[in-house]
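Below you'll find the structure, written out as structure tokens, and then a few comments.
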Ligand code: ADP
């Protein structure tokens with residue numbers, strides 16, 4: 001298969017992409033991949049692991065080409081392991097792409113079916129969520145308020161322009177300030193039809209093969 005059929009979880013740090021992604025990933029036919037988790041699994045003694053710590057501890061993005069290379073290697077491994085079955089699963093990507101350059105580099109790997117945009121206009125509420133997560137999950141990158149604010153700024157400057165890149169026709173807005181259950185309910189209302197048409201396309205392709 002040349003391109004993975006993909007849904008993007010999109011939104012600023014603290015919007016709840018990880019929470020939603022992890023739940024969606026437990027549903028058969030969806031495979032969840034969070035780019036931050038891919039980086040956190042790297043050996044921190046390796047050059048690339050150190051590079052990641054260097055950028056993430058300052059709230060900066062890892063350079064685009066390296067990010068896509070590491071992500072592609074990880075996802076290929078998941079296919080080999082049969083954890084991700086691209087001929088069946090819709091890929092749920094969380095935290096990638098984060099720049100227009102990354103989106104360009106990803107076009108040879110993914111076909112974007114939908115962008116789930118977790119909308120949260122209240123910066124202070126998101127920052128408070130990140131602070132609580134830093135304590136709970138021992139996340140160095142969110143331990144300092146200045147780093148959290150910097151991550152928020154980078155999202156606005158580098159990542160938010162992707163909404164124009166993918167275009168309104170691909171984007172579904174969801175209010176991220178509602179409870180996780182409500183956000184999940186709204187996400188599924190959008191994603192189940194996407195998954196159903198993916199399955200319908202697969203059976204059609206099999207029938208004409
Ligand atoms: P959050 O979920 O809070 O937005 P992540 O766990 O996705 O944070 O990412 C943690 C860090 O990993 C980021 O601050 C950044 O340094 C790095 N990172 C993750 N995804 C990307 C990406 N797509 N491009 C560049 N850097 C990334």
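Even glycines carry a Cβ here, placed using N, Cα and C.
With 14, 15, 16, 17, 18, 19, 133 listed by TrEMBL as binding ATP, the candidate from 82, 178 annotated for that site turns out to be 178.
Under DSSP, residue 62 (AMP binding site) is assigned to coil, being neither helix nor strand in the three-state scheme.
Taking 16, 19, 40, 61, 178 as the candidate binding-site residues, the subset whose CB lies under 6 angstroms from any atom of ligand 1 consists of 61.
Comparing Cα positions, residue 178 (ATP binding site) lies closest to 151 out of the binding-site residues 40, 61, 62, 151. Within the same chain, the residues at least 6 positions away from residue 15 (ATP binding site) whose Cβ sits under 8 Å from its Cβ are 118, 119, 120, 126, 176, listed in sequence order.
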